[in-house]
Amino acid sequence: MSNRAVAVLRGDPGVTGTVWFSQDKESDPCVIKGEIKGLTPGLHGFHVHQYGDSTNGCTSAGPHFNPFNKTHGGPKDDVRHVGDLGNVEAGADGVAHFEIKDHLVKIHGEHTVVGRSLVVHAGTDDLGKGVGEKKEESLKTGNRGARVACGVIATAAPQ
């Protein structure tokens, strides 16, 4: 069994990226490390979505991966979707470099993210903290905007 997975992201013109997942055993946190180019400067919602389906672009990826039927939240919240990874930040050059350690994301076991999609969004994820008119959507999606790139998370070759 491989302890690595990879997603190659494609989407809007010029938006590309590679994201690596590593996890030695199911009880360990998953390390998610990558680079995404071609983004507008600032924060971008970043999520694992339910389906590894790209037949209609990133729309086919479905909703956030949520096997425990929770509301949307931030990556450090107790109540959140498994797929809620928060935001990645692109610098003035449009490149986001990041490393995330997450205790809910798994590349082994019953609730693996392998075979699902990784999606980067146009806008900032509000981490389920939206108020007023935005509260209902905040608890589902984080009001993160359109999907600008996605890729299927696949088992990676051993190093």
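Every residue number used here counts from 1 along the chain in the order it is shown.
Note that Cβ sites are derived from N, Cα and C of the backbone, with glycine treated the same way.
So that you can see what the record holds, here are the features copied from Swiss-Prot:
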BINDING   His47, His49, His64, His121  Cu cation binding site
DISULFID  Cys58-Cys150  disulfide bond
BINDING   His64, His72, His81, Asp84  Zn(2+) binding site
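Shown here: features listed in Swiss-Prot, placed on the structure.
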residue: His47; record: Cu cation binding site; Cβ neighbours (10 Å): 29
residue: His49; record: Cu cation binding site; Cβ neighbours (10 Å): 25
residue: Cys58; record: disulfide bond; Cβ neighbours (10 Å): 23
residue: His64; record: Cu cation binding site; Cβ neighbours (10 Å): 24
residue: His72; record: Zn(2+) binding site; Cβ neighbours (10 Å): 28
residue: His81; record: Zn(2+) binding site; Cβ neighbours (10 Å): 27
residue: Asp84; record: Zn(2+) binding site; Cβ neighbours (10 Å): 30
residue: His121; record: Cu cation binding site; Cβ neighbours (10 Å): 25
residue: Cys150; record: disulfide bond; Cβ neighbours (10 Å): 27
What recorded positions among Cys58, His121, Cys150 are found with a C-alpha within 10 angstroms of that of Asp84 (Zn(2+) binding site)? none
Remaining residues near the recorded Zn(2+) site, that is with C-beta within 8 Å of the centroid of the site residues His64, His72, His81, Asp84: His47, Phe65, Asn66, Lys70, Thr71, Gly73, Arg80, Val82, Gly83, Gly128, Lys140, Thr141, Gly142
Chain-mates of His47, His49, His64, His121 with C-beta within 8 Å of site centroid, Cu cation: Gly45, Phe46, Val48, Ala61, Pro63, Phe65, Gly83, Asp84, Val119, Thr141, Arg144, Arg147
Where His72 (Zn(2+) binding site) sits in the secondary structure, as DSSP reduces it to three classes: coil
I'd like to confirm something. Which of the recorded positions, Cys58, His72, Cys150, has a Cα closest to the Cα of His64 (Cu cation binding site)? His72
Quick check for the class: what is the C-alpha distance, in angstrom and rounded, between His49 (Cu cation binding site) and Cys150 (disulfide bond)? 9
Out of the recorded positions listed (Cys58, His121, Cys150), which are within 10 Å of His72 (Zn(2+) binding site), Cα to Cα? none
Between the Cα atoms of His121 (Cu cation binding site) and His81 (Zn(2+) binding site), what distance do you get, rounded to the nearest Å? 16
